[in-house]
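For reference, the structure is listed below as C-alpha cells.
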Amino acid sequence: MESEQLFNRKGYYRNSYNSIASASSDEELLDGAGVVMDFHTSEDDNLLDGDATSPGSNYVMSNGGGVMSSTTHLLDFLEEPIPGVGTYDDFHTIDWVREKCKDRERHRKINAKKKESAWEFTKSLYDAWSGWLVVTLTGLASGALAGLIDIAADWLNDIKEGVCLNAMWFNHEQCCWGSNETTFAERDKCPQWKSWAGLILGQEEGPGSYIMNYFMYIYWALSFAFLAVLLVKVFAPYACGSGIPEIKTILSGFIIRGYLGKWTLLIKTVTLVLAVASGLSLGKEGPLVHVACCCGNIFSYLFPKYSKNEAKKREVLSAASAAGVSVAFGAPIGGVLFSLEEVSYYFPLKTLWRSFFAALVAAFVLRSINPFGNSRLVLFYVEYHTPWYLFELIPFILLGVFGGLWGAFFIKANIAWCRRRKSTRFGKYPILEVIFVAAITAVVAFPNPYTRQNTSELIKELFTDCGPLESSQLCQYRSQMNGSKAFVDASPNKPAGPGVYAAIWQLCLALIFKIIMTIFTFGLKVPAGLFIPSMAIGAIAGRIVGIAVEQLAYYHHDWLVFREWCEVGTDCITPGLYAMVGAAACLGGVTRMTVSLVVIVFELTGGLEYIVPLMAAVMTSKWVGDAFGREGIYESHIRLNGYPFLDAKEEFTHTTLAREVMRPRRSDPPLAVLTQDDLTVEELQGIINETSYNGFPVIVSKESQRLVGFALRRDITIAIENARRKQEGILLTSRVYFTQHAPTLPADSPRPLKLRSILDMSPFTVTDHTPMEIVVDIFRKLGLRQCLVTHNGIVLGIITKKNILAHLEELKEHTEPLASPWYYHKKRYPSSYGPDGQPRPRQHNVQLVTAFPGRQADEEESEEEVVNLLDGRGSTL
C-alpha cells in the first residue's frame, strides 16, 4: 500500500519512530506521526474529530489613550463560539485538561438551566442518559456485524472446497444437516454437497479430482485475497491491519481522521470476511475491535455531549473496544478487562460500567444470531470433566516458556520484516505482496488437513476432548482388548494408534508452517488479526505436549509422579487442556496480556478449576518474553509507525532534568514567544507564517519575560480570520493584546484585537530542575500536549510529547549510570564542577549541564549554554 511512502509533514517524516529524533523543528507541538495514504477519501474525514467549540468571552473596543468613545468600541468578535476554535488538526494530540474543563462547564450550564422549564429538564435527562444510549447502540451494531462476519466468513471459506447444490448460501455443515446419507465416520459428506472436482469432472476421487480441488482452492484463495487488498487500497486505506495499535494511540488522545469513519467501517467489514476466507494466517478477532470502535465513533455523533468533546468521545471508544472483544471471543467480562488493561488510556469508573453494559448487549445480540449453530458465542467452546493434578504444572510452565520464546521471536522477526518492507521496493506494491503471500499459503496449506481447514476449526479440534462422538485422527487410540490391532476408539489413556501418530507429524508441519507464515502475514495491507494465529500455534504445541504426557502416563504409570493419581484405565490426562493452556501462553507471549487473557480463555472453556494452570502459563510466558523485551506486538508496531504513545507500563529510571530535554537547545533557533500587548496583526501573522510551531508562550514584555499564558497556533489563526470576516476595521496594523483591558493607544490607531479568550491562562509549567521522571508521569497521567519550563517565572523553553518520546528513545540507546547521591537530596542540583574539573557555567543563576556529557568534547561541556527568547518582531530578547 502506498501508505509506506515517506510523508514529510512540518519538518520530519511520519513513517518511522526514528524520524522524531531527526525533526527539523523539535519544539513544534505536532505530537508524533501517523500513516498517510495517497488514496485517502474525504467522506470520513470528520467522523473522528467533531467541530468542538469553545465559549468565548466579551470584548470591549476603546480608542487611544484609554478614553471611552461612543462610536468606537473594543472589538469583541468572540461573543459567539467560533467554529473551529478548540478543535484539532489531523495527526495532533488532544488537550485532555482543556476537554475535561469544557465538559465540566457544559455540565454546570445544564444543571443551572434544568429548573427553568420542563423542556430544559428533559434536555438534562437526555444528556444524562446519552452515554447509556450510545453504548447500547454500539453494542447492538457490534453484535450484529460480528454475527454477519462470522456467517459470511464460514460460507466463503467452504466455497473454496465446494458448493451446496440445494442452497448456495449454505456452508458445508448446514448443507448436510438435513441429509440422511451421512455416516458417523464421514459426517461431513453428503450428496447435497459437491466438491469442485465432482461438479466439474463428475468424480469425487482420484488424482484428477485431487488436482482439480487443489487448483480451485488456490484460485479462490487468490481471488479473495486480491479483492480484499484492492478494496482496501482504493476505498479505505485505514481498513488494513489489526487496528489495535491505532486504537490504543487514538484512545491516548491522538487524532487520526477517517480511521474510525463510515468508509473504514464498511470496507473493513467486507474485506475482513474476504481475508479470513482466503486462508491467510490471520484472524478476525483483532479487527472486530476496530469495527466496534468505528460503530462507537459514528454513533457518538448523534449526541452533542460526545461529538463536541474528544475526551468524552474516547470514553465511548473504550466501551466499544470492550464490545469488540466480547463478540470476538464470546467473553464479555474478558472484553471489559481487555479494554482496561490493554487499550484504554483514560478509564473512569463510569466508563467501566458502560463498557460492561456494551459488552453485555453485544454478546446478547451475537447469541441471538447464533452464527455457529451451537447456541454458543464462539466456535471452539469446550468443557472438560477431568481435573488437573499438581504434577501437570511442570508441562504447563514449559508451555509458558515456549509461549514467551515464541512471542519474543515473533515480535523481533515481524518488526524486522515490517521495517524492511518500509525501506525496500517490496513495500511499494502491496497488492503483489498480498497475492504472493496468499499463493504460498494456499499451495503449502492444501496438502495438510490441519492447515487447509479454517484456523478457528483447527483450534476447536485441538481443544476438544476425545469422547465416543469424536472421529478426529487425534482420537484414534488402540483398544486394550485387541492387542496391537488399531481401530477407532476415542477413549483416552490408551495406546495411541497410527492415526494419532500421523496427526502428530501433520501437526508438527502445521506448527512450522503457521510460525513462518504468521510472521510475514501480520502487517499486510488487508485486515489481519493476531489472536487466532497465535492461539493456533500454542494450541498445536500444547496438543502435542498433551499427547506426549498422556502416553508417558500410560506406558510408565508406575513412575512416582503418576503412581498416586493416574491409574491404568482412568482418564487422568486431558490433551485438549494442554492445547488450551498452550494457546493462552502463546497469545500472552505475543501481546503480554495477563489478567484479561486468563479471563477470556476461562470464558471460552467455562472451567473455573483450570484458572491456576492458565495463570501459571500466562505469567511464565510474560516473564520469559519480558526477558527479551518488555514491549508487546502492539506497542512495537506503535513505535514502528511513529505514533505518539506514552506507555504507562514503561518505567523511567534515568536522572535527567527538565532543562536537558526542553527546547530550544544550544544549536536550535530561539524560542518564539508572543508579548501580551505590543504585537500587531501583521507581526503575529509573520510569526505564524515563518514558524511551524503549534503553540506560542505569551510573556509580559521583552523586558520582563515572565510567563502569562499559552496560545495555540490553530486558535490564533481561526480567531483572526473570523474577526476579519465578521468585523470591520481590523487592519494589519491593529494591535493584538491578550490582557483583560486594552493598552493605551494613540487616538488615530486602528481598532485593537483582543485574543484573551483563546489564551490558556494556566498552562502547565515545571521548573528547569524538575526531574524528568516527574515530567513523564505528568504527561502520562494528565495527557498533556506540552509543558513550559520556567525559572523564577521566566520562560526558558518548552517540552512536548514528541520531545518526551525522542528523549526516551535516546535513553534506550545510551544507558545512563546510577544516580549520584546529590540527586536524592533537596532540590537535586547537579554537581558544581564539570568532568574537566572546572566550574560549570551559569545563566540567570542557573547551573547549566548537558544531557549526555560523554558525547561531547570537554571544551563543549564548558561552553555557556544560552537560552534565547525570540520576541514577536524576530529579535532576541
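Backbone N, Cα and C define each Cβ position, glycine as well.
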Requested in this report: Can you dig out which of the ranges 141-165, 316-340 TrEMBL describes as transmembrane segment?
Outcome: 316-340
Query - Residue numbers, six or more beyond the limits of the transmembrane segment (316-340), whose CB comes under 8 Å of its CB atoms - result: 131, 134-135, 138-139, 142-143, 146-147, 247, 250-251, 260, 284-286, 288-293, 295-297, 299-300, 306, 346-347, 351-352, 354-363, 365-366, 376-378, 381, 531, 593, 595-597, 599-600, 602-604
Query - Whether the transmembrane segment (259-280) meets the transmembrane segment (577-602): three or more C-beta pairs under 8 angstroms - result: no
Requested in this report: Using Cβ atoms only, state whether the transmembrane segment (536-557) and the transmembrane segment (217-239) have three or more pairs under 8 Å that are 6 or more apart in sequence.
Outcome: no
Query raised in the report: Hey, which bits of the same chain come close to the transmembrane segment (431-450), Cβ under 8 Å, at least six residues off its ends?
Result: 214, 217-218, 221-222, 224-226, 228-230, 233, 278-281, 421, 458, 503, 506-507, 509-510, 513, 517, 520-521, 524-526, 540
Query raised in the report: Cβ under 8 Å to the transmembrane segment (217-239), counting only same-chain residues 6 or more beyond its ends: which ones?
Result: 1-3, 35, 37, 39-41, 156, 159-161, 246, 256, 258-259, 261, 263-264, 266-268, 270-271, 274-275, 277-280, 430-431, 434-435, 437-439, 441-443, 446, 452, 524-527
Report summary line: Sequence-distant contacts of the transmembrane segment (389-411), meaning Cβ under 8 Å and at least 6 residues beyond its ends, amount to 515, 518-519, 534, 537-538, 541-542, 545-546, 549, 561-562, 565-566, 572-573, 578, 581-582, 584-592, 613, 616-629, 631-633, 636
